[in-house]
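Undergrad: From Swiss-Prot, here are the annotated features:
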type: ACT_SITE; residues: His133; note: active site, proton acceptor
type: ACT_SITE; residues: His231; note: active site, proton donor
type: BINDING; residues: His133, Val134, Ser135, Leu223, Ile224, Val225, Ser226, Arg227, Gln228, Asn229, Leu230, His231, Val232, Ser233; note: AMP binding site
type: BINDING; residues: Asn229, Leu230, His231, Val232, Ser233; note: UMP binding site
type: REGION; residues: 1-26; note: region 'Disordered'
Amino acid sequence: MEFISADYSSSDGSDTESESSNKSEVQIEYTEKTCIQKADSTDLPAIPDSIILKYHIPPNLQKYEHQDMNMSRFWRSFTYFEWRPTPAIHRQLQKIICKYKETFMKQEYTNPYQLVDFDPLFISHLGAPKPLHVSLTRSLLFETEEQRHVFIQEMRNGLRNNEITPFKLQICSYPKLYISERANTLYLGLPVSECPNKAQISPFKTIIAEALQKSGISNYQDLIVSRQNLHVSIAIASNPSKATLKRYQQLNETMGALLLLNNDFAYKLEFLVNSIYCDENRHSIRIPFN
């Protein structure tokens, strides 16, 4: 019994010490919280105006006055043929790009035709295949969503009324440089062969013009790409210089003469066109032919 009593007395003593220790910890924690609350409630001195003016950055309101920022209120569309090249065609397109680089992108400082590198548009940076397109219109801006809906519906009606059937579109294998509408980007593209495709392409200009006119677009004639300018962009230039942008027509003349003289690209490129595409912002609507 004495041993049991000794054990119990020892246990009581340790419990007492534990309770006192816990009370002291709680008291310390309470004191710290009280100090923090007092510090938070204390008013800090005001920041001097000189410091505020030194580090203040005013908001850039001018960017909202730029034309591109105001375009967000429009409903966009875009009309084109889509081409999904096969792996064999990919190799031919890559050969065209490499030949262009070899001829016009030498690194000597004396070379007047030195350009920046071109990135292919038919392959992503991860190696996935990407579709190419033949632009039939420029970027279309509608004031209301209803206008865009009318345009796309009239495109359907026009294709049906004209009984458009699938056809093969022939592409020239000799590349040309094309400048973007904003004049800050160069594309390496392949022109659409004009003579063999004249009969198939001509009805689309009328169909698109009527659809734009019925949707309420006044300058619709300026938005349709002419048959002479139809092309497939296969590569894009990375940050070309202003001098290069100014002389891209001269580059085209020189390039055409050299490539035709060497006769490097004797093969023909063509693909089946069985539908037309109209974009709704980032969504593509496919309108198949009859």
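Backbone N, Cα and C atoms are what each Cβ position is placed from, and that goes for glycine too.
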Undergrad: Please report the Cα separation of Gln228 (AMP binding site) and the residue listed as 'active site, proton acceptor' in Å, rounded to an integer.
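TA: Gln228 (AMP binding site) to the residue listed as 'active site, proton acceptor', Cα-Cα distance: 16 Å.
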Undergrad: Provide the number of Cβ atoms within 10 Å of the Cβ of the residue listed as 'active site, proton acceptor', excluding the reference atom itself.
TA: 17
Undergrad: From the centroid of the CB atoms of Asn229, Leu230, His231, Val232, Ser233, the recorded UMP site, which same-chain residues not already listed sit within 8 A by their CB, in sequence order?
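TA: Residues close to the UMP site, other than Asn229, Leu230, His231, Val232, Ser233: Val134, Ser135, Tyr178, Gly189, Leu190, Pro191, Val192, Val225.
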Undergrad: Calculate the distance in Å between the alpha carbons (Cα) of Leu230 (AMP binding site) and His133 (active site, proton acceptor), and round it to a whole number.
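TA: Computed Cα spacing between Leu230 (AMP binding site) and His133 (active site, proton acceptor) is 10 Å.
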Undergrad: Rounded to an integer, what is the Cα-Cα distance in Å between Ser226 (AMP binding site) and the residue listed as 'active site, proton acceptor'?
TA: 15
Undergrad: Need this for a regression test: recorded positions His133, Ser135, Ile224, filtered to those with Cα within 10 Å of His231 (active site, proton donor). What's left?
TA: His133, Ser135
Undergrad: How many Å separate the Cα atoms of Ile224 (AMP binding site) and His133 (active site, proton acceptor)?
TA: 15
Undergrad: Far apart in sequence but close in space: which same-chain residues, 6 or more away, have a Cβ under 8 Å from Ser233 (UMP binding site)?
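TA: Looking at Cβ-Cβ distances below 8 Å from Ser233 (UMP binding site), excluding near sequence neighbours, one finds Leu121, Leu132, Tyr178, Tyr187, Leu188, Gly189.
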Undergrad: Drop a 10 Å sphere on every Cβ of the recorded positions Ser135, Gln228, His231, Val232 and tell me which sphere holds the fewest other Cβ atoms.
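TA: Selected from the recorded positions Ser135, Gln228, His231, Val232 on minimum Cβ neighbours within 10 Å: Gln228.
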Undergrad: Count the Cβ atoms, other than its own, that fall within 10 Å of the Cβ of Ile224 (AMP binding site), considering every protein chain shown.
TA: 17
Undergrad: Tally every other Cβ atom lying within 10 Å of the Cβ atom of Leu230 (AMP binding site).
TA: 21
Undergrad: Record lists His133, Val134, Ser135, Leu223, Ile224, Val225, Ser226, Arg227, Gln228, Asn229, Leu230, His231, Val232, Ser233 as binding AMP; longest Cα-Cα distance in Å?
TA: 18
